[in-house]
(Lines of atoms letter the chains of each structure in order from A and count residues from 1; the text may use other names and numbers.)
(Lines give C-alpha, C1' and ligand atoms only; values in the text may rest on other atoms or scores of the structure.)
Protein backbone atom coordinates (compact mmCIF):
# COMPACT_ATOMS: atom_id res chain seq x y z
CA UNK A 1 0.00 0.00 0.00
CA UNK A 2 1.54 3.24 -1.22
CA UNK A 3 0.38 5.44 1.64
CA UNK A 4 1.83 3.05 4.24
CA UNK A 5 5.19 3.16 2.47
CA UNK A 6 4.96 6.96 2.35
CA UNK A 7 4.12 7.06 6.06
CA UNK A 8 7.21 4.99 6.86
CA UNK A 9 9.57 6.91 4.58
CA UNK A 10 8.47 10.35 5.74
CA UNK A 11 8.79 9.35 9.39
CA UNK A 12 12.18 7.73 8.77
CA UNK A 13 13.56 10.72 6.85
CA UNK A 14 12.23 13.30 9.29
CA UNK A 15 13.99 11.45 12.11
CA UNK A 16 17.17 11.43 10.03
CA UNK A 17 17.03 15.18 9.43
CA UNK A 18 16.21 15.94 13.08
CA UNK A 19 19.17 13.86 14.26
CA UNK A 20 21.52 15.22 11.61
CA UNK A 21 20.53 18.84 12.23
CA UNK A 22 20.84 18.51 15.98
CA UNK A 23 24.25 16.88 16.14
CA UNK A 24 25.92 18.60 13.18
CA UNK A 25 25.01 22.01 14.60
CA UNK A 26 26.24 21.08 18.08
CA UNK A 27 22.97 22.36 19.47
CA UNK A 28 22.84 20.09 22.50
CA UNK A 29 21.31 22.85 24.56
CA UNK A 30 18.59 23.67 22.04
CA UNK A 31 14.91 23.15 22.70
CA UNK A 32 14.72 19.89 20.75
CA UNK A 33 17.19 18.11 23.04
CA UNK A 34 16.48 16.20 26.21
CA UNK A 35 19.12 15.87 28.91
CA UNK A 36 18.89 13.67 31.99
CA UNK A 37 19.72 16.41 34.52
CA UNK A 38 19.59 13.86 37.33
CA UNK A 39 15.86 13.23 36.92
CA UNK A 40 14.96 9.82 38.43
CA UNK A 41 12.91 8.52 35.51
CA UNK A 42 15.58 9.18 32.86
CA UNK A 43 18.24 6.63 31.97
CA UNK A 44 20.21 8.23 29.13
CA UNK A 45 23.58 9.89 29.56
CA UNK A 46 23.81 12.42 26.73
CA UNK A 47 21.49 15.06 25.23
CA UNK A 48 19.17 13.52 22.64
CA UNK A 49 16.47 14.98 20.35
CA UNK A 50 13.06 14.36 21.89
CA UNK A 51 10.76 15.35 19.03
CA UNK A 52 10.27 11.94 17.44
CA UNK A 53 6.55 12.65 17.61
CA UNK A 54 7.00 15.23 14.85
CA UNK A 55 8.31 12.50 12.55
CA UNK A 56 5.43 10.14 13.35
CA UNK A 57 2.91 12.94 12.90
CA UNK A 58 4.54 13.88 9.60
CA UNK A 59 4.30 10.31 8.38
CA UNK A 60 0.61 10.17 9.20
CA UNK A 61 -0.09 13.50 7.49
CA UNK A 62 1.81 12.37 4.38
CA UNK A 63 -0.31 9.21 4.16
CA UNK A 64 -3.47 11.31 4.56
CA UNK A 65 -2.37 13.58 1.70
CA UNK A 66 -1.83 10.55 -0.56
CA UNK A 67 -5.33 9.34 0.30
CA UNK A 68 -6.73 12.77 -0.51
CA UNK A 69 -5.19 12.89 -3.99
CA UNK A 70 -6.30 9.33 -4.67
CA UNK A 71 -9.84 10.47 -3.76
CA UNK A 72 -10.03 7.46 -1.47
CA UNK A 73 -13.28 6.87 0.37
CA UNK A 74 -11.33 6.81 3.64
CA UNK A 75 -9.99 10.34 3.21
CA UNK A 76 -12.70 12.04 5.28
CA UNK A 77 -12.19 9.63 8.18
CA UNK A 78 -8.43 10.16 8.13
CA UNK A 79 -8.89 13.93 8.07
CA UNK A 80 -11.36 13.69 10.95
CA UNK A 81 -9.03 11.73 13.23
CA UNK A 82 -6.20 14.07 12.25
CA UNK A 83 -8.33 17.02 13.35
CA UNK A 84 -9.27 15.35 16.64
CA UNK A 85 -5.67 14.51 17.53
CA UNK A 86 -4.20 17.91 16.61
CA UNK A 87 -4.73 19.61 20.03
CA UNK A 88 -3.00 16.71 21.78
CA UNK A 89 -0.10 16.72 19.33
CA UNK A 90 0.25 20.49 19.71
CA UNK A 91 0.39 20.46 23.52
CA UNK A 92 2.78 17.50 23.48
CA UNK A 93 5.11 19.30 21.08
CA UNK A 94 4.94 22.45 23.20
CA UNK A 95 6.03 20.42 26.21
CA UNK A 96 8.83 18.75 24.24
CA UNK A 97 10.17 22.15 23.19
CA UNK A 98 9.67 24.12 26.40
CA UNK A 99 9.41 21.49 29.15
CA UNK A 100 7.20 23.98 30.97
CA UNK A 101 3.63 22.78 30.33
CA UNK A 102 1.98 21.63 33.55
CA UNK A 103 0.80 17.98 33.60
CA UNK A 104 -2.81 18.96 34.31
CA UNK A 105 -2.81 21.34 31.34
CA UNK A 106 -1.60 18.54 29.08
CA UNK A 107 -4.18 16.13 30.49
CA UNK A 108 -6.93 18.71 29.99
CA UNK A 109 -5.97 19.08 26.32
CA UNK A 110 -6.00 15.29 26.01
CA UNK A 111 -9.59 15.42 27.26
CA UNK A 112 -10.36 17.99 24.54
CA UNK A 113 -9.03 15.67 21.82
CA UNK A 114 -11.04 12.81 23.31
CA UNK A 115 -14.14 15.02 23.40
CA UNK A 116 -13.69 15.91 19.73
CA UNK A 117 -13.44 12.25 18.78
CA UNK A 118 -16.59 11.48 20.77
CA UNK A 119 -18.72 14.05 18.94
CA UNK A 120 -17.06 14.14 15.51
CA UNK A 121 -16.30 10.44 15.03
CA UNK A 122 -18.80 8.83 17.40
CA UNK A 123 -15.98 7.24 19.38
CA UNK A 124 -17.77 6.03 22.48
CA UNK A 125 -17.60 3.15 24.93
CA UNK A 126 -21.01 1.50 24.90
CA UNK A 127 -20.42 -1.95 26.39
CA UNK A 128 -18.09 -3.92 28.64
CA UNK A 129 -19.95 -7.24 28.47
CA UNK A 130 -20.86 -6.82 32.14
CA UNK A 131 -24.65 -6.61 32.45
CA UNK A 132 -25.02 -3.85 35.06
CA UNK A 133 -22.27 -1.69 33.55
CA UNK A 134 -23.64 -2.11 30.03
CA UNK A 135 -27.00 -0.80 31.23
CA UNK A 136 -25.31 2.21 32.85
CA UNK A 137 -23.34 2.98 29.68
CA UNK A 138 -26.61 3.58 27.84
CA UNK A 139 -26.73 6.84 29.80
CA UNK A 140 -24.97 9.21 27.39
CA UNK A 141 -23.24 11.48 29.97
CA UNK A 142 -21.70 8.43 31.67
CA UNK A 143 -20.58 6.98 28.34
CA UNK A 144 -19.04 10.36 27.48
CA UNK A 145 -17.21 10.57 30.81
CA UNK A 146 -15.81 7.02 30.61
CA UNK A 147 -14.79 7.43 26.96
CA UNK A 148 -12.88 10.68 27.26
CA UNK A 149 -11.22 9.50 30.48
CA UNK A 150 -10.14 6.26 28.76
CA UNK A 151 -8.70 8.04 25.70
CA UNK A 152 -6.89 10.73 27.69
CA UNK A 153 -5.73 8.17 30.23
CA UNK A 154 -4.28 5.79 27.66
CA UNK A 155 -2.54 8.63 25.84
CA UNK A 156 -0.74 9.34 29.11
CA UNK A 157 -0.18 5.63 29.75
CA UNK A 158 1.96 5.31 26.62
CA UNK A 159 3.94 8.32 27.79
CA UNK A 160 4.42 6.73 31.20
CA UNK A 161 6.02 3.55 29.80
CA UNK A 162 8.30 5.54 27.49
CA UNK A 163 11.35 4.99 29.68
CA UNK A 164 13.84 3.09 27.50
CA UNK A 165 14.86 2.84 23.88
CA UNK A 166 12.16 1.08 21.90
CA UNK A 167 9.94 0.35 24.90
CA UNK A 168 6.85 2.45 24.19
CA UNK A 169 7.21 2.29 20.40
CA UNK A 170 7.82 -1.47 20.40
CA UNK A 171 4.90 -2.19 22.73
CA UNK A 172 2.68 0.11 20.65
CA UNK A 173 3.54 -1.65 17.39
CA UNK A 174 2.71 -5.02 18.95
CA UNK A 175 -0.66 -3.66 20.11
CA UNK A 176 -1.37 -2.10 16.70
CA UNK A 177 -0.60 -5.39 14.95
CA UNK A 178 -3.21 -7.05 17.15
CA UNK A 179 -5.76 -4.33 16.37
CA UNK A 180 -4.98 -4.58 12.64
CA UNK A 181 -5.46 -8.35 12.73
CA UNK A 182 -8.92 -8.15 14.28
CA UNK A 183 -9.89 -5.23 12.01
CA UNK A 184 -8.94 -7.48 9.08
CA UNK A 185 -11.02 -10.36 10.49
CA UNK A 186 -14.13 -8.16 10.72
CA UNK A 187 -13.47 -6.46 7.33
CA UNK A 188 -13.14 -2.96 8.78
CA UNK A 189 -11.08 -1.26 6.08
CA UNK A 190 -10.74 2.08 7.85
CA UNK A 191 -9.43 0.67 11.13
CA UNK A 192 -7.18 -1.80 9.31
CA UNK A 193 -5.60 0.88 7.12
CA UNK A 194 -5.34 3.33 10.02
CA UNK A 195 -3.53 0.73 12.13
CA UNK A 196 -1.11 -0.08 9.30
CA UNK A 197 -0.35 3.59 8.62
CA UNK A 198 0.43 4.20 12.30
CA UNK A 199 2.59 1.06 12.47
CA UNK A 200 4.53 2.30 9.44
CA UNK A 201 5.07 5.76 10.95
CA UNK A 202 6.16 4.32 14.31
CA UNK A 203 8.50 1.88 12.56
CA UNK A 204 10.18 4.78 10.76
CA UNK A 205 10.95 6.26 14.18
CA UNK A 206 11.75 2.94 15.87
CA UNK A 207 14.70 2.23 13.56
CA UNK A 208 16.45 5.34 14.88
CA UNK A 209 15.33 4.91 18.48
CA UNK A 210 16.27 1.27 19.00
CA UNK A 211 18.77 0.20 20.15
CA UNK A 212 21.00 3.30 20.09
CA UNK A 213 18.48 5.93 21.17
CA UNK A 214 19.43 8.54 18.58
CA UNK A 215 16.04 10.21 18.96
CA UNK A 216 13.29 10.01 21.59
CA UNK A 217 9.54 9.76 21.19
CA UNK A 218 8.82 12.77 23.37
CA UNK A 219 5.45 13.63 24.88
CA UNK A 220 3.90 14.43 21.50
CA UNK A 221 4.86 11.06 20.04
CA UNK A 222 3.63 9.09 23.04
CA UNK A 223 0.39 11.07 23.25
CA UNK A 224 -0.62 10.67 19.62
CA UNK A 225 0.28 6.97 19.52
CA UNK A 226 -1.81 6.44 22.65
CA UNK A 227 -4.63 8.49 21.17
CA UNK A 228 -4.70 6.51 17.93
CA UNK A 229 -4.55 3.16 19.74
CA UNK A 230 -7.39 4.06 22.11
CA UNK A 231 -9.61 5.41 19.32
CA UNK A 232 -9.03 2.33 17.15
CA UNK A 233 -9.75 0.05 20.13
CA UNK A 234 -13.01 1.78 21.03
CA UNK A 235 -14.25 1.97 17.43
CA UNK A 236 -13.41 -1.68 16.81
CA UNK A 237 -15.68 -2.74 19.68
CA UNK A 238 -18.39 -0.16 18.96
CA UNK A 239 -18.65 -0.94 15.24
CA UNK A 240 -18.48 -4.74 15.52
CA UNK A 241 -20.60 -6.48 18.12
CA UNK A 242 -18.68 -9.74 17.66
CA UNK A 243 -15.51 -8.12 19.02
CA UNK A 244 -15.36 -8.49 22.79
CA UNK A 245 -14.62 -5.28 24.71
CA UNK A 246 -12.16 -7.39 26.69
CA UNK A 247 -10.06 -7.91 23.56
CA UNK A 248 -8.56 -4.39 23.68
CA UNK A 249 -8.55 -4.53 27.48
CA UNK A 250 -6.24 -7.56 27.44
CA UNK A 251 -4.24 -6.33 24.46
CA UNK A 252 -3.58 -2.95 26.11
CA UNK A 253 -3.19 -4.29 29.64
CA UNK A 254 0.51 -3.54 30.14
CA UNK A 255 0.34 0.28 29.70
CA UNK A 256 -3.07 0.41 31.40
CA UNK A 257 -2.08 -1.59 34.45
CA UNK A 258 1.31 0.11 34.79
CA UNK A 259 -0.55 3.42 34.97
CA UNK A 260 -3.17 2.24 37.46
CA UNK A 261 -0.54 0.60 39.65
CA UNK A 262 1.59 3.76 39.55
CA UNK A 263 -1.41 5.82 40.69
CA UNK A 264 -1.95 3.41 43.58
CA UNK A 265 1.74 3.39 44.51
CA UNK A 266 2.21 7.16 44.38
CA UNK A 267 -1.08 8.46 45.73
CA UNK A 268 -2.45 5.83 48.07
CA UNK A 269 0.64 3.96 49.27
CA UNK A 270 3.19 6.76 49.51
CA UNK A 271 1.01 9.88 49.55
CA UNK A 272 2.89 11.53 46.69
CA UNK A 273 1.30 13.79 44.06
CA UNK A 274 0.32 11.83 40.95
CA UNK A 275 2.66 13.98 38.86
CA UNK A 276 5.74 13.26 40.99
CA UNK A 277 8.29 11.19 39.06
CA UNK A 278 9.80 8.12 40.71
CA UNK A 279 12.05 5.18 39.89
CA UNK A 280 9.68 2.41 40.92
CA UNK A 281 8.04 1.72 37.59
CA UNK A 282 8.34 -1.92 36.61
CA UNK A 283 10.67 -1.07 33.73
CA UNK A 284 12.89 0.97 36.04
CA UNK A 285 13.19 -1.94 38.48
CA UNK A 286 14.03 -4.39 35.70
CA UNK A 287 16.75 -2.04 34.54
CA UNK A 288 18.18 -1.51 38.04
CA UNK A 289 17.96 -5.10 39.25
CA UNK A 290 18.40 -7.24 36.14
CA UNK A 291 19.59 -5.79 32.85
CA UNK A 292 21.58 -2.62 33.58
CA UNK A 293 21.31 -2.00 29.85
CA UNK A 294 18.85 0.39 28.22
CA UNK A 295 17.97 -1.55 25.08
CA UNK A 296 17.84 -4.94 26.83
CA UNK A 297 15.21 -3.68 29.26
CA UNK A 298 12.74 -3.05 26.44
CA UNK A 299 12.93 -6.68 25.28
CA UNK A 300 11.49 -7.87 28.60
CA UNK A 301 8.44 -5.69 28.15
CA UNK A 302 7.91 -6.65 24.53
CA UNK A 303 7.74 -10.18 25.92
CA UNK A 304 5.29 -9.17 28.64
CA UNK A 305 3.14 -7.54 25.95
CA UNK A 306 3.25 -10.68 23.81
CA UNK A 307 1.95 -12.66 26.80
CA UNK A 308 -1.28 -10.65 26.58
CA UNK A 309 -1.16 -10.30 22.78
CA UNK A 310 -1.36 -14.04 22.02
CA UNK A 311 -4.58 -14.91 23.92
CA UNK A 312 -6.12 -11.57 22.90
CA UNK A 313 -5.84 -12.23 19.15
CA UNK A 314 -6.82 -15.90 19.52
CA UNK A 315 -9.90 -15.35 21.69
CA UNK A 316 -10.95 -11.88 20.50
CA UNK A 317 -14.64 -12.92 20.52
CA UNK A 318 -14.65 -14.73 23.88
CA UNK A 319 -15.22 -12.31 26.76
CA UNK A 320 -15.02 -14.85 29.57
CA UNK A 321 -11.69 -16.27 28.41
CA UNK A 322 -10.33 -12.76 27.91
CA UNK A 323 -11.45 -11.73 31.40
CA UNK A 324 -9.68 -14.73 32.93
CA UNK A 325 -6.53 -14.00 30.92
CA UNK A 326 -6.62 -10.36 32.03
CA UNK A 327 -6.86 -11.42 35.66
CA UNK A 328 -4.00 -13.91 35.28
CA UNK A 329 -1.84 -11.28 33.58
CA UNK A 330 -2.36 -8.88 36.50
CA UNK A 331 -1.46 -11.65 38.97
CA UNK A 332 1.71 -12.33 36.95
CA UNK A 333 2.63 -8.63 36.97
CA UNK A 334 2.14 -8.24 40.73
CA UNK A 335 4.06 -11.42 41.46
CA UNK A 336 7.03 -10.42 39.30
CA UNK A 337 7.02 -6.87 40.66
CA UNK A 338 7.07 -8.10 44.25
CA UNK A 339 9.84 -10.61 43.58
CA UNK A 340 12.07 -8.05 41.88
CA UNK A 341 11.47 -5.46 44.62
CA UNK A 342 12.54 -8.00 47.26
CA UNK A 343 15.59 -9.23 45.31
CA UNK A 344 13.95 -12.55 44.48
CA UNK A 345 14.31 -12.23 40.72
CA UNK A 346 13.23 -15.48 39.00
CA UNK A 347 16.13 -17.49 37.58
CA UNK A 348 14.72 -17.43 34.06
CA UNK A 349 14.82 -13.63 34.04
CA UNK A 350 18.44 -13.68 35.16
CA UNK A 351 19.19 -16.25 32.46
CA UNK A 352 17.56 -14.03 29.86
CA UNK A 353 19.68 -11.11 31.05
CA UNK A 354 22.82 -13.18 30.49
CA UNK A 355 21.64 -14.19 27.04
CA UNK A 356 21.12 -10.53 26.22
CA UNK A 357 24.66 -9.77 27.30
CA UNK A 358 23.83 -8.14 30.64
CA UNK A 359 25.87 -9.94 33.26
CA UNK A 360 26.30 -7.02 35.63
CA UNK A 361 23.06 -7.12 37.63
CA UNK A 362 23.08 -5.16 40.86
CA UNK A 363 23.58 -7.32 43.91
CA UNK A 364 21.29 -6.97 46.95
CA UNK A 365 24.25 -5.93 49.10
CA UNK A 366 24.93 -2.89 46.93
CA UNK A 367 21.38 -1.58 46.73
CA UNK A 368 19.29 -2.97 49.59
CA UNK A 369 19.62 0.12 51.83
CA UNK A 370 18.69 2.47 48.97
CA UNK A 371 15.79 0.24 48.02
CA UNK A 372 14.35 0.23 51.55
CA UNK A 373 14.45 4.00 51.61
CA UNK A 374 12.72 4.27 48.25
CA UNK A 375 10.04 1.72 49.07
CA UNK A 376 9.24 2.92 52.58
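Backbone N, Cα and C define each Cβ position, glycine as well.
All TrEMBL annotations are machine predictions without curation.
So that you can see what the record holds, here are the features copied from TrEMBL:
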type     : residues : note
BINDING  : 159, 219 : Mg(2+) binding site
TRANSMEM : 6-23     : transmembrane segment
TRANSMEM : 51-69    : transmembrane segment
TRANSMEM : 75-92    : transmembrane segment
TRANSMEM : 104-121  : transmembrane segment
TRANSMEM : 136-154  : transmembrane segment
TRANSMEM : 166-184  : transmembrane segment
TRANSMEM : 190-208  : transmembrane segment
TRANSMEM : 220-240  : transmembrane segment
TRANSMEM : 246-264  : transmembrane segment
TRANSMEM : 297-314  : transmembrane segment
TRANSMEM : 320-337  : transmembrane segment
CB contact flag for the transmembrane segment (246-264) and the transmembrane segment (136-154), at least three pairs under 8 A: yes
Result, the transmembrane segment (190-208) in contact with the transmembrane segment (6-23) (3+ CB pairs under 8 Å): yes
The transmembrane segment (51-69) versus listed stretches 104-121, 136-154, 190-208, 220-240, 297-314: most Cβ pairs under 8 Å: 190-208
Same-chain residues near the transmembrane segment (136-154), Cβ under 8 Å, at least 6 residues beyond its ends: 107, 110-111, 113-115, 117-118, 123-128, 226-227, 229-231, 234, 252, 255-256, 259
Intrachain residues whose Cβ lies under 8 Å of the transmembrane segment (220-240), provided they are six or more past its termini: 51-57, 60, 81, 84-85, 88-89, 91-93, 95-96, 106, 110, 113-114, 117, 121-127, 147, 150-151, 154-159, 162, 168-169, 172, 175-176, 179, 182-183, 186, 188, 191, 194-195, 198, 202, 205, 247-248, 251-252, 255
